[in-house]
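So that you can see what the record holds, here are the features copied from Swiss-Prot:
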type	residues	note
BINDING	GLY10, PRO11, GLU12, GLY13, SER14, GLY15, LYS16, THR17	ATP binding site
Amino acid sequence: MKGLFVTIEGPEGSGKTTLIKSLLPYFEQKAQKVMATREPGGIAISEDIRTILHKQEYTMMEARTEALLYAAARRQHLVEKVMPALNEKYLVLCDRFIDSSLAYQGYARGLGMDKVFEINRFATEDCMPSLTIYLDIEPEVGLARIEKDAGREVNRLDMEDISFHKRVREGYLQVVERFSDRIVLVNADQPMEKLIEEVVQIIEDKLL
């Protein structure tokens, strides 16, 4: 039996990174082999691609270029880090995966979800998460959180106007409906302690 692949999705400021940092020690304490990682990134090549994608000055980046860079980073991360961990029966907690591309590039950028999905099917060879937690939050609330977080670097996507971030959320909600068999929507506009408790319960009920 292979490991379990859990992805955490959500718009900017939804609390994904903070949530994963809390989930990691919880499952480690339960003697679970667990690994946390992120997209784009997780390994050297993909972190370099992340730097390119997030550079504020690269406002000229075209939507298809953006989609292909995310897919390239995803492929390398998958084969170099995620798949080996799953083969070793780890619980892998990943900050973003394919659903981000569907919401951001497929819907918000207007490339079409089906086209972006096919690009990523090629990149992932149909390796899909066992479970996805989607942290839902109003764009205004998420962006306000980012502004208050002095330790978080503002990236190119953060700088998009509010209409873009609203489209991202609309895209995510369509993705949730399309893949309702593996995606669970959780309200992210609640205290982090309650959010952690809810997500832990979902993971344990569905997978462990």
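Every residue, even glycine, has its Cβ placed from backbone N, Cα and C.
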Worksheet, complete the sentence: Between the binding-site residues GLY10, PRO11, GLY13, GLY15, the one whose Cβ has the fewest other Cβ atoms within 10 Å is GLY15
Discussion item. Sequence gap of 6 or more, Cβ distance under 8 Å: name the residues on the same chain that satisfy this around LYS16 (ATP binding site), in order along the sequence.
Written reply: ILE8, GLU9, GLY10, ASP95, ARG96, LEU135
Fill in: Any further residue of that chain within 8 Å (Cβ to the Cβ centroid of GLY10, PRO11, GLU12, GLY13, SER14, GLY15, LYS16, THR17) of the recorded ATP site
LEU135, ILE137, GLY142, ARG145, ALA188
